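Participant: Got a structure for you, questions after.
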Amino acid sequence: MATIYYDKDANLDLLKKRKVAIIGYGSQGHAHALNLRDSGVDVRVGLAAGSKSKAKAEGAGLRVLSVAEASKEADVIMVLIPDQTQKKVYDEEIAPHLSKGKALLFAHGFNIHFVQVRPPPDVDVLLVAPKGPGHMVRRQYQDGRGIPGLVAVHQDATGQAKAVGLAYARGIGCTRAGVLETTFKEETETDLFGEQAVLCGGAAALVKNGFEVLVEAGYQPESAYFECLHELKLIVDLMYEGGLAWMRHSISDTAEYGDYTRGPRVVDGRSKDEMRKILKEIQGGHFAKEFILENQAGGPTMARYRAAEAAHPIEEVGKRLRDMMSWIREAKKDSSDPGSR
């Protein structure tokens, strides 16, 4: 069982004595910076020259510096930029300013676990990862609640790495809900597996195949969209609220019986075998190498996939149907704007 830490286990004063730099001001970056500031922490934001986020950060009352300047000033540096850009930014702008005793933090372990970022031995290296999108991290904090999170220590040079991580987690509100202790290896490998096999890759492929089967059988694309994509949220929300048992309790007997008797025919032993293969590719570093080389080449494979998927009929049908749903437009605008609340 995982060890879980709460507010009582975290000393926020430990962080208030230090200067914190948030590198990046996207979904997570804006939430971390604002929550830490509101918790009484000395925060600055490090952004690339010409960043479109500068005006938003300054508009929120935050001090904005270059990545190098922020890293030089800070004792605690949280890296919240995309995985594929972290190595270059780290090597050129953060590493030169990592003096002894500083703490380097990440919200995802990819670049540490797969040895793309190599911190010096005299700094703390740790992970603090809220298990929710940035706008939710911010809103829950503002409402006096918090998002569950993860904490992990890769390198404890000062003897205080975990304490710093817990203080940071408290500063952004995660210890209000509970923070689970993990490792960089576990966070990275399970996160990638979940994305590829279930949450993104698996779910998207299942939805698209279901849509195609119905359309190919002569049903209206609009009906196929509603049944295979739109209503997925209704089911996932039930799982989210109470697990599989609550979902099955909440649906019709017809749907429940079909779940038990037909679901395993769609996602069967062969699917599980492929999941095992995907996990081995992650554990062995094969996916990481493939992704790194893809980005070094300029992302040609990603570009082809994006173009092909954007042209799939489900996208055009979905756009037309979503235009009928005012609540979706409002929710999308709200969640995409860091300053919306």
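Please read every residue number as a count from 1 along the shown chain.
Placement of Cβ uses the backbone N, Cα and C atoms for every residue, glycine included.
Source: prediction; values computed, not measured.
Residues or ranges marked as active site in Swiss-Prot: His108. Summarising the annotation, Swiss-Prot assigns NADP(+) binding site to Tyr25, Gly26, Ser27, Gln28, Ser51, Ser53, Asp83, Gln84, Thr85, Gln86, Gly134 and lists sequence analysis as the type of evidence. If you look up Swiss-Prot, you'll see Asp191, Glu195 marked as Mg(2+) 1 binding site. According to Swiss-Prot, the Mg(2+) 2 binding site annotation covers Asp191, Glu227, Glu231, on the basis of sequence analysis. Residues annotated as substrate binding site in Swiss-Prot, with sequence analysis given as evidence: Ser252. Summarising the annotation, Swiss-Prot assigns domain 'KARI N-terminal Rossmann' to 1-182. What Swiss-Prot records for 183-328 is domain 'KARI C-terminal knotted', and it gives sequence analysis as the kind of evidence.
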Participant: What is the total of other Cβ atoms whose distance to the Cβ of Ser27 (NADP(+) binding site) is within 10 Å?
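Facilitator: So the number of other Cβ atoms within 10 Å of Ser27 (NADP(+) binding site) is 18.
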Participant: In sequence order, what residues of the same chain, 6+ apart, have a Cβ less than 8 Å from the Cβ of Ser51 (NADP(+) binding site)?
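Facilitator: The list for Ser51 (NADP(+) binding site) reads Tyr25, given in order along the sequence.
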Participant: With DSSP, how much of the domain 'KARI C-terminal knotted' (183-328) is helix, how much strand and how much coil, in residues?
Facilitator: 125 helix, 0 strand, 21 coil
Participant: Quick check on the binding-site residues: of Thr85, Ser252, whose CB has the lowest count of neighbouring CB atoms inside 10 Å?
Facilitator: Ser252
Participant: What mean pLDDT does the predicted model reach across the domain 'KARI N-terminal Rossmann' (1-182)?
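Facilitator: Per the prediction, mean pLDDT sits at 97 for the domain 'KARI N-terminal Rossmann' (1-182).
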Participant: With every protein chain in view, how many other Cβ atoms are within 10 Å of the Cβ of Tyr25 (NADP(+) binding site)?
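Facilitator: Around Tyr25 (NADP(+) binding site), other Cβ atoms within 10 Å: 29.
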Participant: Near Asp191 (Mg(2+) 1 binding site), which recorded positions out of Ser27, Thr85, His108, Gly134, Glu227, Ser252 have their CA within 10 Å?
Facilitator: His108
Participant: Please find, for Tyr25, Gly26, Ser27, Gln28, Ser51, Ser53, Asp83, Gln84, Thr85, Gln86, Gly134 as listed binding NADP(+), the greatest distance between any two Cα atoms, in Å.
Facilitator: 19
Participant: Out of His108, Glu195, Glu227, Glu231, Ser252, point to the one nearest Thr85 (NADP(+) binding site) in space (Cα versus Cα); all of them are recorded positions in the record.
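Facilitator: Checked the recorded positions His108, Glu195, Glu227, Glu231, Ser252; minimum Cα distance to Thr85 (NADP(+) binding site) goes to His108.
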Participant: What's the most sparsely packed of the binding-site residues Asp83, Asp191, Glu195, Glu227, Glu231, counting other C-beta atoms within 10 A?
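Facilitator: Comparing Cβ neighbours within 10 Å for the binding-site residues Asp83, Asp191, Glu195, Glu227, Glu231, Glu231 has the fewest.
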Participant: To the nearest Å, how far is the Cα of Glu231 (Mg(2+) 2 binding site) from the Cα of His108 (active site)?
Facilitator: 30
Participant: Does anything in the same chain, at least 6 positions from His108 (active site), have a Cβ under 8 Å from its Cβ, and if so what?
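Facilitator: Set apart from His108 (active site) by at least 6 residues yet with Cβ under 8 Å, we have Asp83, Leu127, Ala129, Glu187, Thr188, Asp191.
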Participant: Hey, how far is Ser252 (substrate binding site) from Ser27 (NADP(+) binding site), Cα to Cα, in Å?
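Facilitator: Between the Cα atoms of Ser252 (substrate binding site) and Ser27 (NADP(+) binding site), the distance comes to 37 Å.
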Participant: Kindly assign Asp83 (NADP(+) binding site) to one of the three DSSP-derived states: helix, strand or coil.
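Facilitator: In the DSSP reduction, Asp83 (NADP(+) binding site) maps to helix.
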